[in-house]
Amino acid sequence: MSSNSYQVSIPMSKRNTNGLPGSSSNELKTSAGGAVLSFHDICYRVKVKSGFLFCRKTVEKEILTNINGIMKPGLNAILGPTGGGKSSLLDVLAARKDPHGLSGDVLINGAPRPANFKCNSGYVVQDDVVMGTLTVRENLQFSAALRLPTTMTNHEKNERINMVIQELGLDKVADSKVGTQFIRGVSGGERKRTSIAMELITDPSILFLDEPTTGLDSSTANAVLLLLKRMSKQGRTIIFSIHQPRYSIFKLFDSLTLLASGRLMFHGPAREALGYFASIGYNCEPYNNPADFFLDVINGDSSAVVLSRADRDEGAQEPEEPPEKDTPLIDKLAAFYTNSSFFKDTKVELDQFSGGRKKKKSSVYKEVTYTTSFCHQLRWISRRSFKNLLGNPQASVAQIIVTIILGLVIGAIFYDLKNDPSGIQNRAGVLFFLTTNQCFSSVSAVELLVVEKKLFIHEYISGYYRVSSYFFGKLLSDLLPMRMLPSIIFTCITYFLLGLKPAVGSFFIMMFTLMMVAYSASSMALAIAAGQSVVSVATLLMTISFVFMMIFSGLLVNLKTVVPWLSWLQYFSIPRYGFSALQYNEFLGQNFCPGLNVTTNNTCSFAICTGAEYLENQGISLSAWGLWQNHVALACMMVIFLTIAYLKLLLLKKYS
C-alpha cells in the first residue's frame with residue numbers, strides 16, 4: 001500500500017518553514033486538489049427482530065439500495081426526510097457503519113480507503129461530545145496531544161491549536177469552560193464549533209458532519225454553515241447530512257444528494273436540482289424554500305407542487321421509460337432519476353474511478369496504527385480525567401463531605417464501644433454497616449463508563465487512543481483516588497470515636513480492608529456498567545446484586561446454618577469477605593466478660609465471653625490465613641470484574 005495512493009489528509013510527519021506540518025510535493029498535490037470521494041453500488045441491510053420471546057422473527061430490512069455518487073471538494077449536503085437513510089449513508093461513507101450487511105465500494109481519489117481512514121478524516125457527531133468541564137483550549141490540546149504525531153514539538157502543536165481557534169472564531173471563549181448541566185459554559189453555536197475544531201486539529205481533507213444544525217437556532221445554524229462554506233473553499237471535501245435547512249443555508253450547497261426510503265432521488269449540483277424537478281413535472285412555487293419543496297415532493301404531501309397532467313404534458317420533458325401510474329411515489333422518483341442525464345453523467349464519472357475497485361482491497365475496519373504510544377495516551381487520559389474530577393464538585397467534593405458527615409454520625413451513635421456482651425452486638429453492627437456502606441457508595445462508579453460512553457466510542461473510532469489506555473487511565477485518575485480517599489477518611493474518623501482495638505496494626509488492617517471492599521465493589525460496578533447506555537439500569541442491577549450479597553454477609557443469617565444447596569452463594573458475596581476480615585481484626589484477643597474467669601466459671605458456658613468464641617461461632621478461622629484469605633478473595637474478585645469490564649469495552653459495538 002503506497003502512501004500516495006491512499007493519502008486523504010495533509011500529513012503531519014514533516015515540517016515546513018513556518019513550524020506547521022508539511023508535506024512532500026506528491027502529497028501536497030493530492031491535498032491541494034482536494035480529496036474526491038466516490039461511492040459505487042452501496043447497499044446496506046440490517047436484520048430486525050420482531051415478535052415475542054418464543055415467537056421472534058428475524059426480518060432483513062434494506063436501509064440503502066444501490067446508491068452511487070461522487071463527493072468533491074466543497075459543501076456536499078445529504079438531504080431527506082426522517083428515516084430516509086441520510087445518516088446511514090453518511091456513516092457508510094465515513095467507515096463508521098457496521099460492515100455486516102454492507103456491500104459496495106467507497107473510493108478516495110479512485111483508491112480504496114486506507115485502514116486508518118477514520119483517523120485521517122474528521123467526523124463531527126450530531127450530539128456534541130466534548131468534555132464540558134474543560135475549556136475550549138484544553139479540549140483542543142487533548143485532541144492535538146493524541147492525534148498529532150510525536151515528531152511535532154509542543155510549540156508547533158500550540159501554533160496549530162491557535163490557528164484552529166482563530167479560524168473558527170473561538171478567540172473570545174478559548175479559555176472558557178464548554179459547560180455541563182451543572183456548569184455554565186459557552187453557547188450552543190460555540191459548542192458546535194468546538195466539536196468541529198476538535199476534528200480540524202489534524203487538518204483533514206475530508207470532514208463529515210451528522211446534522212450540524214440540530215439544536216441550533218436559525219441564526220446560529222446559518223453561522224455554522226457559513227463557516228463550513230469558508231472551510232470548503234480551502235479545498236476540503238465537506239460531507240454532511242441535514243434535515244430541513246432554510247434557504248440562506250441551502251444556497252450555500254455545492255452538491256445535493258436527496259434520499260428517501262434508502263433510494264436515491266437526486267444527486268448532482270444543488271443549483272440544478274430545481275430545474276431537474278421541474279423537468280419531471282414538479283415546479284417550486286415562488287418564495288417557497290427549495291429544501292421544503294424537495295421534502296414535499298418526496299413525501300407527496302403537497303398538492304401545490306404537483307402540476308396537472310395537461311400542464312405536465314405541455315411544459316415538462318418526459319424522461320425515458322416513465323414509470324407506471326400505480327407505482328409508489330418513491331419508486332417513480334427513483335426511476336425518473338435513474339433515467340435522467342444527471343445519473344448518466346455520474347455513472348460516466350464513476351467509471352473513471354472504478355479502476356481502484358479491481359485492486360486488492362485492504363479492510364477499512366481492521367485495527368489502525370496510532371500516532372502515539374500507550375504511555376503517552378495513558379498520561380493524557382489520566383490528566384483529563386483528573387481535571388474532569390476536580391471540575392465536578394458534585395461528584396468529588398460532595399462525596400468527601402458526605403463521608404465526613406457520615407463518619408461523625410456513626411461515631412456519635414456507636415461512641416466508645418464497651419467490652420461487655422452489648423459490645424459484641426454493637427461491634428458486629430457497626431462493622432457490618434461499614435462494609436455495606438463501602439459497597440453501596442461504590443454504586444457511583446457506574447457513571448464512570450456510562451456517562452462517557454458516547455465520548456469514548458467517538459474518540460476511540462477517531463483514533464485518539466487504545467481501549468487499554470482509556471481503561472487504565474480512568475482507573476488511575478478516577479477510580480483509585482475516589483475509592484481510596486473516602487476509605488482513609490472513614491477509618492480515621494470512626495476508628496477512634498468507636499474505641500476499637502487500640503493497636504496500630506489493627507487500624508491499618510481496617511483501612512486496608514475497607515479499601516479492598518470499595519475497590520472490589522467498584523470493579524463490579526464497572527463490569528456491570530461497561531456497555532450500558534442508561535445509568536439507572538446499571539444502578540438497579542448493582543443494588544439488586546448487593547442486596548443478595550448482604551444476605552450472605554454473615555450478620556443477617558449464620559452462614560453455618562444455610563442449606564448446602566444455597567451455601568455456595570456466600571463465596572460470591574463481597575460484604576462477606578469484608579465483614580469477616582473486620583470481625584477477625586477486631587474480635588480476636590478481646591474479652592467481653594470482664595471480672596469473670598471464663599475457664600472456671602460455669603455461668604459462661606452458654607455465653608460468648610471472648611472474641612475467639614464469637615469468631616468460632618461465626619465459622620471464621622482463628623489462624624492468620626483466616627484473615628488474609630478474605631483479602632485474597634477480594635483481590636481475585638477485583639481482577640475478575642476488571643477483566644470483564646475491559647473485555648466488554650473491547651468488544652463493545654463501536655459502529656452505528
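Don't overthink the numbers, they just go from 1 along the chain as shown.
Note that Cβ sites are derived from N, Cα and C of the backbone, with glycine treated the same way.
The topological domain 'Cytoplasmic' annotation in Swiss-Prot covers 1-394, 451-478, 531-536, 653-656 and rests on sequence analysis. Swiss-Prot lists 80-87, 184-190, GLU211, HIS243 with the feature ATP binding site. Residues annotated as transmembrane segment in Swiss-Prot: 395-415, 430-450, 479-498, 508-530, 537-557, 632-652. Residues or ranges marked as topological domain 'Extracellular' in Swiss-Prot (evidence: sequence analysis): 416-429, 499-507, 558-631. What Swiss-Prot records for ASN597, ASN601 is N-linked glycosylation site.
Below 8 A, the CB atoms of the transmembrane segment (632-652) and the transmembrane segment (508-530) form 3+ pairs separated by six or more positions in the chain. Reduced to three states, the DSSP call for LYS86 (ATP binding site) is helix. Of the two recorded stretches, the transmembrane segment (537-557) does not lie close to the transmembrane segment (479-498), with fewer than three CB pairs under 8 Å once pairs fewer than 6 apart in sequence are set aside. Of the listed binding-site residues GLY80, GLY185, the Cβ environment within 10 Å is emptiest of other Cβ atoms at GLY185. The binding-site residues under consideration are GLY83, GLY188. Their Cβ neighbour counts within 10 Å are lowest for GLY83. Note: the topological domain 'Extracellular' (499-507) comprises 4 helix, 0 strand, 5 coil (DSSP; helix = H, G, I, strand = E, B). At the 8 Å Cβ threshold, with sequence separation of at least 6, the transmembrane segment (508-530) lacks contact with the transmembrane segment (395-415), having fewer than 3 such pairs. All chains included, 26 other C-beta atoms sit within 10 angstroms of the C-beta of LYS86 (ATP binding site). Cβ environment of GLU211 (ATP binding site): SER87, GLN126, PHE240, SER241, ILE242, HIS243 lie under 8 Å away, each six or more residues apart in the same chain. Same-chain residues lying 6 or more positions outside the topological domain 'Extracellular' (416-429) and placing a CB less than 8 Å from one of its CB atoms are 497-500, 555, 583, 586-587, 590-594, 607-608, 614. In three-state terms derived from DSSP, GLY188 (ATP binding site) belongs to a helical segment.
Secondary structure counts, DSSP: the topological domain 'Extracellular' (558-631) has 44 helix, 2 strand, 28 coil.
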